[in-house]
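Just below is one structure, and these are the notes that go with it.
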């Protein structure tokens with residue numbers, strides 16, 4: 001079996017990255033014409049972060065958690081509150097005003113040095129991640145002693161509690177209650193590149209950090225827990241410590257994606273982070289392959305593009321030869337999308353990637369497969385071998 005040289009793989013990877021960068025520059029030059037495509041790609045990158053974070057917990061550690069929407073809401077609200085300019089506070093909190101402490105803190109931050117103001121959006125994202133991680137560490141103490149469906153129900157309950165708290169009237173001066181938050185600034189510039197690049201760079205960094213964790217000794221401990229907790233404990237793995245670590249880190253990156261979503265949408269409200277969002281993320285993970293980072297990233301782009309772009313024409317009336325096909329109407333694209341999901345699950349029962357990752361060798365084998373000559377039964381090695 002032939003394998004590509006490491007230098008060749010490195011060159012192929014650099015070429016692929018260069019092509020992606022060129023594509024983004026082209027899209028940035030045609031923002032008005034390609035607004036839909038840019039939005040789909042940016043949202044896909046944001047969802048790729050939370051999908052990989054969920055896979056870290058579900059696929060690599062074996063913990064079935066459904067609290068992703070709750071942690072995303074924490075990241076989104078913290079980021080939005082910290083990023084809304086002081087001049088816009090009265091227009092956002094028009095009912096009961098903003099908490100004095102929030103106004104004072106934001107005034108102090110805006111009066112800070114230029115370097116602090118430039119780093120402020122990224123500090124807001126990290127703050128949202130750290131607060132979500134703190135909540136995860138706190139609820140993880142009782143919740144992570146549960147297993148399977150019980151853990152899923154407990155984390156789902158936490159997510160719904162967070163959503164209810166954020167929309168409650170008692171939180172009006174902080175989260176603006178059921179009115180939500182608007183006038184959230186969009187993505188900041190990073191490394192002097194166009195704003196369009198920011199979510200992709202942050203997504204790449206977050207996913208790379210999670211991949212490094214998965215491939216570390218901690219990642220091997222996570223996989224040991226997933227395979228057999230009793231055997232892992234016998235090998236000296238501290239079950240609770242590593243479960244807690246996986247839960248906290250997953251929640252941190254999930255909150256980062258929530259903060260990016262707030263910048264992407266420019267306005268947020270509690271109902272955005274309902275149970276439906278968690279199911280959408282779980283769908284991305286399952287379609288991509290539980291235990292595959294590549295699958296989660298690929299699936300995030302495919303699922304988002306299918307739901308919000310490629311299948312849109314099914315919502316429009318179809319007229320052929322003067323006859324209107326009544327089947328094509330608003331909402332029909334979701335029926336088609338559901339059928340496609342069933343087909344994928346039937347033919348790819350472990351997802352598109354299973355538990356495998358992308359490799360250049362695998363891609364070459366896949367491309368050669370249709371052209372490979374069949375070897376007759378009983379003949380070893382095929383033609384050309386003695």
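A Cβ is built for glycine as well, from the same backbone N, Cα and C atoms used for every other residue.
Owing to the predicted nature of the structure, the values given are computational and were not obtained by experimental measurement.
TrEMBL tags one of the stretches 45-67, 160-182 as transmembrane segment, and that stretch is 45-67.
Among the ranges 245-265, 350-370, the stretch that TrEMBL annotates as transmembrane segment is 245-265. Matching 13-36, 325-348 against TrEMBL, the residues noted as transmembrane segment span 325-348.
Of the candidate ranges 45-67, 74-95, 190-214, 277-305, 74-95 has the most C-beta pairs within less than 8 angstroms of the transmembrane segment (115-141). Beyond its flanks by at least six residues, the transmembrane segment (74-95) meets 102-103, 106-107, 109-110, 120-121, 123-125, 127-129, 131-132, 135, 162, 166, 172-177, 179, 181-185, 254-263, 268, 272-273 of its own chain at Cβ-Cβ distances under 8 Å.
Residues of the same chain lying 6 or more positions beyond the ends of the transmembrane segment (277-305) and with a Cβ under 8 Å from any Cβ of it are 40-41, 43-45, 47-48, 50-52, 54-55, 58-60, 66-69, 72, 156, 159, 207, 210-211, 214, 341, 344-345, 350-358.
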